[in-house]
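> Before I ask anything, here is the structure I am working with.
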Amino acid sequence: CSTQELFSCYARVWIPDPEEVWKSAELLKDYKPGDKVLQLRLEEGKDLEYCLDPKTKELPPLRNPDILVGENDLTALSYLHEPAVLHNLKVRFIDSKLIYTYCGIVLVAINPYEQLPIYGEDIINAYSGQNMGDMDPHIFAVAEEAYKQMARDERNQSIIVSGESGAGKTVSAKYAMRYFATVSGSASEANVEEKVLASNPIMESIGNAKTTRNDNSSRFGKYIEIGFDKRYRIIGANMRTYLLEKSRVVFQAEEERNYHIFYQLCASAALPEFKTLRLGNANFFHYTKQGGSPVIDGVDDAKEMVNTRQACTLLGISDTYQMGIFRILAGILHLGNVEFASRDSDSCTVPPKHEPLTIFCDLMGVEYEEMAHWLCHRKLATATETYIKPISKLHAINARDALAKHIYANLFNWIVDHVNKALHATVKQHSFIGVLDIYGFETFEINSFEQFCINYANEKLQQQFNMHVFKLEQEEYMKEQIPWTLIDFYDNQPCINLIEAKMGVLDLLDEECKMPKGSDDSWAQKLYNTHLNKCALFEKPRMSNKAFIIKHFADKVEYQCEGFLEKNKDTVYEEQIKVLKSSKFKLLPELFQDEERVLSPTSATPSGRVPLSRTPIKPAKARPGQASKEHKKTVGHQFRNSLHLLMETLNATTPHYVRCIKPNDFKFPFTFDEKRAVQQLRACGVLETIRISAAGFPSRWTYQEFFSRYRVLMKQRDIIGDRKQTCKNVLEKLIKDKDKYQFGKTKIFFRAGQVAYLEKIRADKLRAACIRIQKTIRGWLMRKKYLRMRKAAITIQRHVRGYQARCYAKFLRRTRAAITIQKFQRMYVVRKRYQRMRDTTIALQALLRGYLVRNRYQMMLRQHKAVVIQKHVRGWLVRRRYRRTLRAVVYLQCCYRRMMAKRELKKLKIEARSVERYKKLHIGLENKIMQLQRKIDEQNKEYKSLLEKMNNLEITYTTETEKLRSDVERLRMSEEEAKNATNRVISLQEEIAKLRKELHQTQSEKKSIEERADKYKLETEQLVSELKEQNSLLKTEKEELNRRIHDQAKEITDWMEKKLVEETKQLELDLNDERLRYQNLLNEFSRLEERYDDLKDEMNLMVSIPKPGHKRTDSTHSSNESEYTFSSEITEAEDLPLRMEEPSEKKAPLDMSLFLKLQKRVSELEQEKQSLQDELDRKEEQALRAKAKEEERPPIRGAELEYESLKRQELESENKKLKNELNELQKALTETRAPEVTAPGAPAYRVLLEQLTSVSEELEVRKEEVLILRSQLVSQKEAIQPKVSHNTMTDATILLEDVQKMKDKGEIAQAYIGLKETNRLLESQLQSQKKSHENELESLRGEIQSLKEENNRQQQLLAQNLQLPPEARIEASLQHEITRLTNENLDLMEQLEKQDKTVRKLKKQLKVFAKKIGELEVGQMENISPGQIIDEPIRPVNIPRKEKDFQGMLEYKKEDEQKLVKNLILELKPRGVAVNLIPGLPAYILFMCVRHADYLNDDQKVRSLLTSTINGIKKVLKKRGDDFETVSFWLSNTCRFLHCLKQYSGEEGFMKHNTPRQNEHCLTNFDLAEYRQVLSDLAIQIYQQLVRVLENILQPMIVSGMLEHETIQGVSGVKPTGLRKRTSSIADEGTYTLDSIVRQLNSFHSVMCQHGMDPELIKQVVKQMFYIIGAVTLNNLLLRKDMCSWSKGMQIRYNVSQLEEWLRDKNLMNSGAKETLEPLIQAAQLLQVKKKTDEDAEAICSMCNALTTAQVLSADVIPFLSLQVRLRDRKDSPQLLMDAKHIFPVTFPFNPSSLALETIQIPASLGLGFISRV
């Protein structure tokens, strides 16, 4: 591509800037050849004319495309130059907070000056095992690459860490060592990795100090070799130090400190053990106060002192040596306070009894006078004589400082030596990784000898670095088979020659040091004369004759000659050293003895840092004073030798480079100073790497990556089947200059800038395509708009026309309506007028007719009235005439009557004068009395009514009313008393008045009472109303309280439910944690068990070969057996014949422990038997006393008790005999001391063990019988006592009453007969019971007799064997064992045949009976009596043989057990024979064998089979533990075996789902709960192994399939890769995709289903798999910033949806697997959400509840301050990565099987023909 094409309009370039070093600008105009000015526009919008250099016409460097900005490998940049590197580092450091970046093989580390959460153990585990390019740059990635190459290439490695002071070299080296210590672990129990890390605090305290640039600056270089064994585990380390800055001991610049250890001592001066050092504040000592800054912010020196002492203790430096070190350091501080007084110009003296010198001498254990003398004098030796010369005060001070530096240097050397001893490997070192922490290139205003040595070392390292980079480039080109062209790179060999060659700077310096009067000035002149104008790299400053300039690879450095000679000589007076050597303090001479024995380069360095020499330099023996000459060996020469040694070491290793950059001088966090960064980039060789890469082909693409990226530049006809040829064809068309690229075997190599050119072409093509797409879319949009507008216009027209039509129709309707209205209106008007006229006419007619009628009526009325008047007048006239006539008649009558009255009057007057008159008067008085009486009655009635109304109040007046009544009666009866009547009437009237008055009073009282009643009523009503109100209030309060109580109860219920749920969750979490801890312990146990087995195998290989004829077999015993299996002696005794082939030497400890255990067990049983015997005697005595008191007791009980006591006595006697026999055997064994007889493998020993076992069995049996007797005695006693008491009290009375009642003799006879029959029945029962007891006793006696005979026979055999030689003894014992087993087998076979015969006979009888019963049911045997049926003999009937009724058991012989385990477990392959089997068939077969052993009540067989099964499963898993099918198969079978043991255990909880037939198959004799626990633990171990297997299978697929593969094509583009090749994101051959993961999941699921694994267990496995997928994906996403993008979030969400779809297809959505992907889902959502406003931050906080704060901030691509502020309040774990190794606790829910055991068939393919179904 031409320059004109690249420098086109809108191209971006870099231009120099004095402030920012480089600034970005944009071209406003295309560049044309010959232009002298470029039209640019800066990023801030300012236009600028950039003038090109008229000489070189060099164009400004171009900016890289945006796709490459922030790339984690600088070599991936298309344009490789300084501004691109600087900008890329700045973007990563400032914007992304990333401190690590690759630059080819170099890791650039920028010090953030802030603690970052990227160094935890989870990060170490994430980088462990990963390829270097697959993760984000990190110091752990470099360490992992070194560790991996060491193991893969069998080559030692080195990590070279360099940089300025304060750039973070020491921290980077420390993290690298921590990585090795964590990943590799220690090969021994000495915790070497902890010691390696513990060396850091010690070396920092004695070798680090505060400088102006760094608070913890390393003032020495060190190279630590970390040694590994053949398994690449840390076994030790070795440290070499370089160039210790000794001058800091005696001088510190402003704001700097001495070494940390001095300030730690001063801070701890108050400690009791430091009182003798007489220390004080740091400002008190001259050597610690010169810098004026004794305290570092945030650092507690006293606390650091504690850490230093702890580290010393860990490294084996005892407290005595520690106090010795502190004593020497304190002495150095006091030595610095020694002052001198001048006598004259050439001599001086120490003040008498000078306190600092006194303290120094006391601490150092030297004489005060000698030290004071030699501090002020020196000894001069000539050829003939020696004399002492005083020195001046200035020389004395320099000598004092030189002595202090020398002591400190030797102490430093001694500590390093002891650290190396502590870290020394105890075994042979196989390989090592070296970590070099050394100064970077230094240039200051004043540069002296120290800077010269440092820069010399950096020149050597840079040369080695350049050669290594060049070599890697060459190897890459040769590997890809591209034409090799020599790359020109800077070779700094001339600069190195200038320094170290003959007549070089160091050579001239050493020569000048040998001159008697050599000086810095004369040395400078020699330099000028030798090199000035002869060497281009050497210059002389214009204004100075005491300085010189050397052009280093990084920059020009001006060195001041002053002090070079003195520092190179490093003079220390020998007399002062001799004084110190004569010290009484042991440690001090030891420092200088080491110096005499081996000249340590460190001791001679001026600035100290010298390495521990590998080759000791032997002092000459011939001449005295050789040691003093050795002191004069120059520092430059030693440093050059040590540097050559270092370079040899580095050249013999594979180097890895870490360049530490200091971003600013003010230690501000994440602040980037471009000027300082560029200086360090130039100095550390990063830009040189870039230049070397740019000189060749820096950009490298695989053919697949190139095809995927630039597919848009190809036409369809260009694409052929061969991708490589396709790329070649297209590239030849795109780039005409073939020198700009090369085709390798797997990659295309591009020159610098070509990728940018291709990106430009691609961008142009995409831009053109985009324009075309935009054109098409815009046309489509406009057409859509036009069609939409046209459609809208038509719609509007349609609506308008419709509206107009509707308006016209409305007009027509209105016109018609108006006509209709007019018609009706006119009709209405005419009708109204007609109506009005008609009404008027009718009204006139009515009025007229009425008038006429009224006239007629008036006339008729007048006529009628006239008639009436006439009638009345005529009647009045008649009545008047009648009245006149009547009056006349009446007058006549009156006259007549008057006359007659007068005549009568005369008669009356005559009579009145007579007595009759009085009578008539009296009659009138009686009438009055009667009237009065009536009135009184009326009043009485009224009074009574009042009395009735007044109720209780009128009772008081009834008496008076009765009196009145009596009076009235008296008056009525005394009617004759006339005279008194009047008086009485008066009195009565008075009485009436009085009564009326009283009545009025009564009425008033009644009224007052009624008023009071009304008032009371009102008050009562008011009170009632108040009570009602209070009642209503109380009701409301009650309702309110009830409501509150209800609410409170509801709240309490809710709270309790919530608390219950929380507590349940917490308990579940605790349970899961406990399960997890338990399962982790099981995992650790299995790991230790495997390690034990490995060690055992190694031991077996190491031991000698056994004797011929004896084959060595491995033990099959599980380590779990000792914990979970029975520890009885029978197991060990019967296992002995099986283990006879093992060497007797190995079994000796085990058998002796067994012998002691047996003895202890026998003694315990004897004691227990004795206690039971005493208790039995006591119970027997009580029973005998009770028997003596109870005379009425029947004699039958006594007989039974006597029988029981006799049986007990016999058992006791037998036990005593057995005990005596056991004692005799033990005694006989102890008397025979021959080792070949009593050896654990000897026959006598085995016989003894067998006899001990039989004795223990007998004791167990006797113990059980004693317990049975005891329980029988207690029950008999309890049963007898209530009977006796009841009989004695009630029998007499009952019998007496019965006798009185039974007067009839017949009744008595019947009762007697019944009692007699009862006694006979009881007697017969007693006889039968006695007979059974006698039979049992006889059988027991027979057994005892057989045991005696067996015992005698064993003793005889033992005696015979003891007389035989060892070989014959073994053969005899074997023969005896075979004979015994044969006899037992024959006996068992006979018993089995008898039982089979009995079973067949019973089956035949059963069938005959069944047939007869069937005939009875039909009715064929109606006349046959039951007795005849019973007595009829059974006749043989020919019945056809049917299929055998199996019991679901499998029988095998004891000797076939190993064969069973071998065929069924060890050699069974899931992919072969087991494919067509019933799921879980091996588990069913094993359980059916266990059932048969349980049926036989053979505990040994059960135990042996279960133990062999468990060990066999462990063996097969150990052998084929990396095969998923094998592990899944045995996990399924182990769980099924465990479920069978539960289902058929006989426990009710496990029998709920069993069929009746299955319940019949339950175990009857043994409780195997302990073995269920062992099998559960085994299942947990298998599950964990299954998880590890599937994790190993899935691990390589996850990152490629979930992150890197583009499931949705075209969403994200491919970036070019640099030297650190990252895994391709394109699905090439061998690359995993999401489909690969899904296929693997399908494979796992189908295998588990095929093996019949429990559904719940499958869910747990799937959940674990999905957790692994989610955790690994999320961890890699967090550690790879290039993956944190919107498109990648879309890819992840799509991939997760595919996994969820898989779960739905398999019906596993309720397994909890989806929830394990929640953190990954939230991280993907976080990559896609907006991050601008506070609402976005709040939404992110609520959305990302499954992510920690560190994870959210790490996945946050754009720094979002509002989100960071909100996340500060979250209290969650600071963990960044998920624990991908976490295993959820597994449970095995009980899953009973519906399969009937008796229906299971054993396939012949299993080779189990020796097993028979029962």
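Heads up, the Cβ atoms here are built off N, Cα and C, so glycines get one too.
Curation does not apply to TrEMBL; its annotations are automatic.
According to TrEMBL, the feature domain 'Myosin N-terminal SH3-like' maps to 8-60. The domain 'Myosin motor' feature in TrEMBL is assigned to 69-763. Among the features that TrEMBL reports, ATP binding site is placed at Gly163, Glu164, Ser165, Gly166, Ala167, Gly168, Lys169, Thr170. The region 'Actin-binding' feature in TrEMBL is assigned to 643-665. Per TrEMBL, the feature coiled coil maps to 915-1098, 1323-1412. According to TrEMBL, the feature compositional bias 'Polar residues' maps to 1116-1130. Here TrEMBL flags 1136-1146, 1169-1195 as compositional bias 'Basic and acidic residues'. Summarising the annotation, TrEMBL assigns domain 'Dilute' to 1507-1786.
Burial and contacts for the listed features, if you can.
In this model, the domain 'Myosin N-terminal SH3-like' (8-60) carries an average pLDDT of 84.
Sequence-distant contacts (6 or more apart, same chain, Cβ under 8 Å) of Gly163 (ATP binding site) comprise Ala109, Lys169, Gly440, Arg659, Cys660, Ile661, Lys662, Gln680, Cys684.
Each residue in the region 'Actin-binding' (643-665) gets a DSSP state, and the totals come to 9 helix, 8 strand, 6 coil.
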> Please list, in sequence order, the residues in the chain of Gly168 (ATP binding site) that are at least six apart in sequence and whose C-beta is under 8 Å away from its C-beta.
Ala109, Asn111, Cys660, Lys662
> Given a 10 Å Cβ-Cβ cut-off, pick out the one of the binding-site residues Glu164, Ser165, Gly166, Lys169 that has the most other Cβ atoms nearby.
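By the 10 Å Cβ neighbour count, Lys169 comes out on top.
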> Could you pull out which residues elsewhere in the chain have a CB under 8 Å from any CB of the region 'Actin-binding' (643-665), counting only those six or more residues past its ends?
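Residues 89, 93, 103, 105-113, 139, 142, 145-146, 149, 153, 155-164, 166-169, 172, 176, 213, 223, 240, 242, 434, 436, 440, 456-457, 460-461, 464-465, 468, 611, 613-614, 671-673, 676-677, 680-681, 684-686.
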> Using a Cβ-Cβ cut-off under 8 angstroms and a sequence gap of six or more, which residues of the chain neighbour Ala167 (ATP binding site)?
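Residues satisfying the criterion: Ala109, Asn111, Gly440, Cys660, Ile661, Lys662, Gln680.
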> Determine which residues of the same chain, besides Gly163, Glu164, Ser165, Gly166, Ala167, Gly168, Lys169, Thr170, have their CB within 8 A of the center of the CB atoms at the recorded ATP site, and list them by sequence.
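For the ATP site the neighbour list reads Asn111, Asn214, Ser217, Ser218, Gly440, Cys660, Lys662.
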> Which ones in the same chain are close to Thr170 (ATP binding site), with CB under 8 Å and 6+ residues apart in sequence?
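Non-local contacts for Thr170 (ATP binding site): Glu204, Asn208, Asn216, Ser218, Asp437.
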> By DSSP assignment, list the helix, strand and coil residue numbers for the domain 'Myosin N-terminal SH3-like' (8-60), in that order.
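Secondary-structure composition of the domain 'Myosin N-terminal SH3-like' (8-60): 0 helix, 24 strand, 29 coil.
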